[in-house]
Amino acid sequence: MQRIAVLGGGAWGTALAVHLARLGRDVTLWARASNNRSGRALHAAACVVSAIPSHGTRDVIRRARGLLPPEATVVSATKGLEVETLLRVSEVIEDELGSDRPIAVLSGPSFAAELARGAPTAVAVAGNCEATVAAVQREFRSGYFRLYATQDLVGVEIGGAMKNVIAIAAGAVESLGLGDNCPSALITRGLAEISRLASALGGQRETLAGLSGLGDLVLTCTGQLSRNRSVGIELGKGRPLEEILGKMRAVAEGVRTTEAALALGGRHGVELPITAQMADVLAGQKTPRVAVEELMLRRQRSEVEVE
Ligand SMILES: NC(=O)C1=CN([C@@H]2O[C@H](COP(=O)(O)OP(=O)(O)OC[C@H]3O[C@@H](n4cnc5c(N)ncnc54)[C@H](O)[C@@H]3O)[C@@H](O)[C@H]2O)C=CC1
Ligand SMILES: O=C(CO)COP(=O)(O)O
């Protein structure tokens, strides 16, 4: 798997390309403004890493389809859901490239800037076939990058997508200056909510206790580099969403994922109280303070759910 093409010239695509180049892989980075040479590099790729934001993935993969060798592995590094279809990103890729295509998903606590400078980082890798997962584990690992294998695509992708929703909430709570109890409760009940949705979709609850669940949730809810958390911080200051997003150059996936996750929960009869409150906050229908009050006054219940 020496020849690798990375789709997406944003922070994450660039960090992964830098990492892979450091490992001696023959890497081409495809960004929106790329020329034909980068397009042609897809012909020779043994592996294609997709780090396009979720809303652009289908279009980019569709355009790359004719250029990709049939056996090339596609590794999704995107964290989100397709709003129009409520599909996970690996499902979007499969939809476009067919179910025979080897597909893997990389997700876990991994700020792009930290991977780019070689800070120790561990992630989960899931896939539709064991050999594909093992190959990605082997090809991407380094002294500072470690990959844990799993077959649970659903758990890994729902964990990666949903943590961004809770991170926006964590940022908002931080802005309100409510102390340390409240963010801790938010992370814990956020994880319960993510696990509930993943489980209803066929994922394993244990996956959500791992790197692409608890691990990434803690990082994104508390890390200074998180864009999603920073959106929440600004919302907590009373700024309207359009103004916040208008000033941001990078993608905050949690904004779109909130709507998609809520719809997915509705479709599968899964209650997502924090996500539902965040949807109202993002729509400007409620302040973060009112959302916290309403969450606190919900009917009290057992902590552990019996399925
Ligand atoms: N930045 C990070 O630390 C990490 C990001 N991710 C995930 O990676 C994905 C990409 O994030 P970043 O690279 O950080 O975003 P970014 O905001 O830094 O860059 C996004 C890139 O995608 C391109 N783009 C935007 N819309 C597009 C479209 N419709 N079609 C084609 N290209 C489009 C932009 O031109 C830009 O090059 C997201 O799903 C994010 O959640 C995952 C792990 C870490
Ligand atoms: O996914 C990430 C870290 O694992 C990056 O989070 P943000 O998109 O909130 O910056």
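Note: Cβ is positioned from N, Cα and C throughout, glycine not excepted.
When pLDDT values are averaged over the domain 'Glycerol-3-phosphate dehydrogenase NAD-dependent N-terminal' (4-35), the model yields 93. Taken from TrEMBL, the feature domain 'Glycerol-3-phosphate dehydrogenase NAD-dependent N-terminal' covers 4-35 (among others).
The Cβ of Gly10 (NAD(+) binding site) has 16 neighbouring Cβ atoms from other residues within 10 Å, across all protein chains displayed. The secondary structure of Gly10 (NAD(+) binding site), as reduced to three states from DSSP, is coil rather than helix or strand. Per TrEMBL, the feature NAD(+) binding site maps to Gly8, Gly9, Gly10, Ala11, Trp12, Gly13, Ala112, Arg227.
As annotated by TrEMBL, domain 'Glycerol-3-phosphate dehydrogenase NAD-dependent N-terminal' applies to 40-131 (among others).
Taking a C-beta cut-off of under 8 Å and a sequence gap of six or more, Arg227 (NAD(+) binding site) has these contacts in its own chain: Met248, Ala250, Val251, Ala252. For the recorded site, Arg227 (NAD(+) binding site), the DSSP three-state label reads helix. Summarising the annotation, TrEMBL assigns substrate binding site to Lys79, Arg227, Asn228.
Sequence annotations record features per position, and here TrEMBL assigns domain 'Glycerol-3-phosphate dehydrogenase NAD-dependent C-terminal' to 152-292. Per DSSP, the domain 'Glycerol-3-phosphate dehydrogenase NAD-dependent C-terminal' (152-292) is made up of 107 helix, 0 strand, 34 coil.
When Cβ atoms from all protein chains are considered, those within 10 Å of Lys163 (active site, proton acceptor) total 33, not counting its own. What TrEMBL lists as active site, proton acceptor is Lys163.
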Cα within 10 Å of Trp12 (NAD(+) binding site) - qualifying recorded positions among Lys79, Lys163, Asn228: none
DSSP-derived class (H/G/I helix, E/B strand, else coil) of Lys79 (substrate binding site): coil
Which recorded positions sit within 10 Å of Gly13 (NAD(+) binding site) - Cα, from Lys79, Lys163, Asn228: none
Separation of alpha carbons, Ala112 (NAD(+) binding site) and Lys79 (substrate binding site) (Å): 13
Annotated recorded positions Ala11, Lys163, Arg227, Asn228, filtered by Cβ under 6 Å to ligand 1: Ala11
Annotated binding-site residues Gly10, Ala11, Trp12, Gly13, Ala112, Asn228, filtered by Cβ under 6 Å to ligand 2: Asn228
